[in-house]
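**Q** Here's a structure for you.
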Amino acid sequence: MVGYFVIASAGNFYQDFDITWGDGRAKILNNGDLLTLSLDKASGSGFQSKNEYLFGKIDMQLKLVPGNSAGTVTAYYLSSKGATWDEIDFEFLGNLSGDPYILHTNVFSQGKGNREQQFYLWFDPTADFHTYSILWNPQRIVFSVDGTPIREFKNMESKGVPFPKNQAMRIHSSLWNADDWATRGGLVKTDWSQAPFTASYRNFNANACTMSSGTSSCGSNSASSGNAWLSEELDSTSQERLNWVQKNYMIYNYCTDAKRFPQGLPTECNTA
């Protein structure tokens, strides 16, 4: 039973999201059960949540652009507004047919990111829908794919590392052309003869604290209201699965990129 104070929505795209750009290229279909974004040479498209969230466990199923998706990026992320924004990112970097997608993750706090980790997936993300989840609570951020955690970013404010915890964020998604950098650093360009490129979304679900006029739906005694996700952490099984993904599928980790940080690796890298 979800706690009394939590807004849990099993998504209907009409109720939960606004299409924000794309001039008709984004479509809500099947009575609100399905949303598609498309990209052609003239424009991409995007949507955002009607609600703003401050902590939550958010799931979305995505099916990515099939075939030759080189140059395209499908971004799915949480973000606040302003110059010192917070952001929690999934970005899917397209590739030539037969080459794996790259799943790019990042965490921004107070306008500063540079915390990229990149992964290959252990399945073809274009063949079917898969669930991409963000757990965001006051102690940690966990990125998961089909229930398997791939990355954990812990709250290390005690060591001087900023952590997103004061700014409400909306869910955003967009499909756009980034062939100046997305595929092999921009070497492979978008093949517009393959357009339109389409990504699909379904089964949005949020167990989350929504913010309205500065007030959280979770109230101040949220921990007592059965919101287990607010204090959720990785158990030993989840930790093993995280280690498995990082050992076998991680292809870039800012915490091991000494060339990029000649003054020394970021603080959180040394305390992991």
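Cβ coordinates are placed from backbone N, Cα and C, and glycine is handled just like the others.
For reference, TrEMBL lists these features for the protein:
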type: DOMAIN; residues: 7-201; note: domain 'GH16'
type: ACT_SITE; residues: Glu87; note: active site, nucleophile
type: ACT_SITE; residues: Glu91; note: active site, proton donor
type: CARBOHYD; residues: Asn95; note: N-linked glycosylation site
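Each of the listed features needs to be described in terms of its position in the shown structure.
**A** Long-range Cβ contacts of Glu87 (active site, nucleophile) within its own chain (separation 6+, distance under 8 Å): Tyr77, Leu78, Ser79, Ser80, Asn106, Val107, Phe108, Gly113, Pro164, Met169.
Within its own chain, Glu91 (active site, proton donor) has Val73, Thr74, Ala75, Tyr76, Tyr77, Leu103, His104, Thr105, Asn106 as residues 6 or more apart in sequence whose C-beta sits under 8 angstroms from its own.
Neighbour density for Asn95 (N-linked glycosylation site): within 10 A of its CB lie 20 other CB atoms from the protein chains shown.
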**Q** So what's the mean pLDDT when you look at the domain 'GH16' (7-201)?
**A** 96
